[in-house]
Amino acid sequence: MRNLGVFGVRGSDTYGRGAEVIARTSRGLETGEVLCEATEHVVSQMKEPKHGQILHLQTEADVSELRRLHDQEKLEHQAAAERIVELGLEMQLIDVERLYGGERVVVYYLAENRVDFRQLVKTLAKEFQTRIEMRQIGVRDEAKLLADYGDCGKPVCCNTHLSEMPPVSMRMAKLQKATLDPSKISGRCGRLKCCLRYEYETYQDLQKDLPPIGSEIITNNGKAKVLAHEILAGQVLVQSEDMRRVMIDASEVLTIVKRGGQPKKKSSKPAQQSSDTKQSGKGAEAETSDSKVPESKASESSEAAGDASLEKTAKEQVDSEPNTQAINQPSDGESSGDGDDSTLTRD
């Protein structure tokens, strides 16, 4: 899986952008690509960057070894899938990665519940003759590993420039007036597209300059009510007093008489208790208190239920963070660079 890190170099070695290198990481020997010089500004933009050391540029021998490892990974993937079936484990095998140095094989999988894979680890370690690392991932990480191109025709964001998976909600799609057809706003992972977040803040800032929907306004043509927004165009759809609907520029709004979106005032009058329901005894009192709810409380309960429903809808669009569950043996230690220079590298 792609990772970003700050890697030291040996002596006076220098590497340009795009250089294919062999580097030592906390996991072992791996291949990587140089992105840029690790300046203070670049490092400050990274959250918990990984560290390691660049050993040398990839040679023809390294390229040949990589091809051999890729062929071997296909066989190991098939073998791991067969062992999972034999052991009856409730997990979905996604990918098998063998590190360049052969220090370990990483098995990526999906599972809804906790899986006891100790026997699987022992079997695979004996068969592959190396350490086995089991890593549970989410559906977005599955796309990060396997997906190629998105609906836009470009490589998927999670497999190119995104190092984190930010939460995306249906509210972002509604604000941008994107179609709400799940098949069109969902990415390769089946979740809402990450790109829905890219322009969300811009839409929010532009919307602040428009009168809220439901506002009563005064224009050059008289009073009107705001029905909808065209945020990027800076326009609002209004309905005049003679029930005509027209799109106008926000600059044509002279005054906002009453802002829309204001919560309605709740009734302060307590609910009247009917004399027919009054009964004697503690049991009757309990029944009355359960069956009679003040109107204001009922209104608050209804609003709370609505908010909870919105929260649930947004929450269902957000992926949970993937969990790394177990490693058969401890990782190799990190090696420090000999030189003072450092380079930002992608594994």
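The backbone N, Cα and C atoms fix where each Cβ goes, and this holds for glycine too.
Source: prediction; values computed, not measured.
Residue counts for the domain 'PSP1 C-terminal' (52-137) under DSSP, helix first, then strand, then coil, are 39 helix, 26 strand, 21 coil. According to TrEMBL, the domain 'PSP1 C-terminal' annotation covers 52-137.
The feature region 'Disordered' is assigned by TrEMBL to 259-347.
Per TrEMBL, compositional bias 'Basic and acidic residues' is recorded for 289-300 (among others).
Residues annotated as compositional bias 'Basic and acidic residues' in TrEMBL: 309-318 (among others).
Feature annotation from TrEMBL assigns compositional bias 'Polar residues' to 320-330.
Looking just at the domain 'PSP1 C-terminal' (52-137), the mean pLDDT is 92.
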